[in-house]
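Read through the structure below, which is laid out as structure tokens, and then see the notes.
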């Protein structure tokens, strides 16, 4: 490998691919119109849950399996990984939803009221039952992105704003790649960031509800991320009152102390997804496209970065590759 | 064959398009079910500059007739505006009219429903009103120009089935010539079969298929149940009776032990 590989897009996928290739001794160039991670990238708005088993409720098998690589990868990359598991709860009248969730997922245990109080003391008395996914984890997305970016910079890799089109290119532009990946669509998500110093939760909590499954992820220092809606729309702006009200209601239902929380941010963006909501790697000529991570950016980017590295270095065909046209 | 506003459709199963694990699963569920009509919500996905167009294109590619709905509308004005938007987006006069009266149970607002149905009918829409099994409400809807009724089986998303058999039977008997679709509340194929056995013209469901562990398998289950129920209705089923009636004559049987 004599020529640098160009990676376009410095969101979670581009940064993970760059980190993985660099770790394997491959010289890369990183191109993005913004030098630093920020609100222009959809991963800026992510939840950061590394919860592959929970995702199995609606996602297909590859997400559960590939997602299990994530926690170790992020830890190896030097990011603080909170391996405290995750919880799933329901309000009283939606009890049946919890049984269904348990049937559809694996690697969980059922906590009664007392066991829940031991795991998450502030939820004591609020729920009769909870599902505990002990092997799951979470990270804080923005520092994680910045960390990867800084570490690449330490290795002499700056983010350039203009692409030099020669040699192998890895396109990690997310939804912006719709211009060439015509079956890519946007799925709008809205989220809220709260500061609630009175609330102490140590792990992500999902609140099941037949209409709006929502989650809360602790970010440390009394800050919480509340997410996320899922609307079939490519719109990247305009958080609606209805969506935000639903999110805030869920937080309040989980714990009334959220009633006094300060609203720090309301975020909105669109996730890139293919029709089956599974990620893809495609090769067209000198360009490898990595895209469609949907709501699983931080969960699946490590596995996809590994696959890209194996494709580039060993010629191993990735299991998620659905198109390989070397000649264009 | 059943006709809605003069348009004949072969399948008596209609499916909603929300809540599937992915558009790919949605497409497979439609293929397997043979459903001929898809309901689509336009309200939430609309946004600016046709932001929901990618999803609507996916629905359009299913090759089925689209019945846009006004799901999530809580007022007459909101429902009318949404219907007008749907007409432009999908180039159809059809509109499944929902005016929600109660946020928690999603029960229809009967007063708003009649008013919105009147406005839309006057504007040339062909209205499919989502209603309860209430007889008087049905009469009012027909008076303002609706030519199809969509009585609920149970509240949306509950999967409770036909909770008021008497009311539904009365409704069917009272308006034998009005095409009627049992909409909402169905959770199992047996409940859909029951509705069809009672002489309803079609059923519409969403959650029962979309949220099943295997939506594609459940879609086929419903398709077969709807077909079975319709065949039974057309075959004029026997009346239930209290006494046993042997299906083989006893007289002339050689040995009776």
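Backbone N, Cα and C define each Cβ position, glycine as well.
Note that this is a predicted model, so its numbers are computed, not measured.
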Candidates B:124, B:145, B:157, the one TrEMBL lists with B:184, B:185, B:206, B:207 as binding 1-deoxy-D-xylulose 5-phosphate:
B:157
For the recorded 1-deoxy-D-xylulose 5-phosphate site formed by B:157, B:184, B:185, B:206, B:207, which further same-chain residues have Cβ atoms within 8 Å of the site's Cβ center?
B:16, B:154, B:155, B:156, B:158, B:159, B:186, B:205, B:208
Candidate with the highest Cβ count within 10 Å, taken from the binding-site residues B:206, B:207:
B:206
Rounded to a whole number, what is the top Cα to Cα distance in Å among the residues the record ties to 1-deoxy-D-xylulose 5-phosphate, namely B:157, B:184, B:185, B:206, B:207?
9
Listed binding-site residues (B:157, B:185), ranked by Cβ neighbours within 10 Å, top entry:
B:185
Going by Cβ pairs closer than 8 Å, show me which of the recorded positions B:96, B:157, B:185 neighbour chain A.
B:157
How does the model score the domain 'Thiazole synthase ThiG' (B:4-249) in terms of mean pLDDT?
91
How many Å lie between the Cα of residue B:96 (active site, schiff-base intermediate with DXP) and the Cα of residue B:184 (1-deoxy-D-xylulose 5-phosphate binding site)?
12
Residue B:206 (1-deoxy-D-xylulose 5-phosphate binding site): secondary structure state under DSSP, collapsed to three categories:
coil
